[in-house]
Amino acid sequence: NRWLTCRSLPPGALERIADTVADRVRVPWFAGAVKVNVSLVPPLVLLPVFLHVAALHFLLGLVILTSLPVVVLWYYYLTHRRKERTLFFLSLGLFSLGYMYYVFLQEVVPRGHVGYSQVVALTCGLILMLAALSRAKKDPGYLPIPASNEKSSHQGLPDDSVRGSSNGLHSVTTSGAASSRAVNGEAKGYSRMSAAEPEGVRKDWCAKCQLVRPARAGHCRLCGRCVRRLDHHCVWINSCVGEQNHQAFILALSFFMLTSVYGITLTLHTVCRGRTPFVALFYCPGAYSDYSSALSFTCVWYCAIVTAGMGYILLIQLLNISYNVTEREARLALRDNTGRRLLGGLVIDTGQYNRGFLCNWGHFLSLGSSPPQRSAEDIV
């Protein structure tokens, strides 16, 4: 009624409406109606519709393929600002893979220009990527919450006399309480390390998980847990990237890039005969001669946009590994003006853990190879 009469809505009305709709969306089942996560529905419904509409005309394809990244970025900003976990991006990624593979088999392979071995190679790349993604979805390296602190961890912050460091490098002391502030969802203003504590055992206190965490560990505000060597929270896998799954995350990105580029190349060689893939991507006169070619060409452009975005993420990850810095450490270094911008700002070198290219990659490849040692504080 307020919307029809052009009156303003009370604060929080849209959120309550969305929560009510999400609670009412259920699927009948034998043991009772099953609640469906609303964030799973838009990719399953809207992506095929948008791609089929974009295949009707060149201008429609230009408008839709330009607006799709804008809508995804807007939704990411909305969920990031509200500090919410969502399955939208994971659902969009998985359904995009499945639907692109379906279009490839239905529209491209029947034309007879793609061999059996090429289809097998593309399928194997897709399976390997999904296997790596499944491994990346597992435990990223969550720090166990002590049983005695599980209850207190849900009752707010500890006493003001207990603080931790803002960068994961300083230890807990019983004196010198600093002012507390929140940046990126982590408790800040921790007390400084005791001068008598050795350099190699620097720790800090997480006020939310009520535990002492090792160096380079961080608290994820979306997962609500502390993670060893926290890199970042990836919305595309709906999980953190940390010490235990960072290798699998890089492997999944690499397999995705190889499979996607190979699929784009095979499709362009079929739809735009006689042209190189790069030229055919921008100039393919016969792409809209029939609906099948138009749909294949539209899906190629959609894959190219997604691949470009994932390629940028992979590039940043490879550069960070080469300098032995995590995304979290880079953000903190930028905030505190303690890092150096290199390669046009693509990487932030903190200089703290950088031991050279080969040593940095050797350290990364050995992540999770041995179980973490428990410190004296954890044992006590």
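Backbone N, Cα and C atoms are what each Cβ position is placed from, and that goes for glycine too.
TrEMBL: automatically predicted annotations, no manual curation.
Under the heading transmembrane segment, TrEMBL lists 49-75, 87-104, 116-133, 248-271, 291-315. Feature annotation from TrEMBL assigns region 'Disordered' to 147-180. Annotation comment: TrEMBL describes 163-180 as compositional bias 'Polar residues'. As annotated by TrEMBL, domain 'Palmitoyltransferase DHHC' applies to 202-330.
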May I have the DSSP-based helix, strand and coil counts for the residues of the domain 'Palmitoyltransferase DHHC' (202-330)? 68 helix, 20 strand, 41 coil
Is it the case that the transmembrane segment (49-75) and the transmembrane segment (291-315) touch, counting contact as three or more CB pairs under 8 Å in which the residues of each pair are 6 or more positions apart? yes
What residues in the same chain, six or more past the boundaries of the transmembrane segment (291-315), come closer than 8 Å to it by Cβ-Cβ distance? 51-52, 54-56, 61, 65, 68-69, 96, 100, 103-104, 107-108, 250, 253-254, 256-257, 260-261, 263-264, 267-268, 270-272, 281, 284, 346
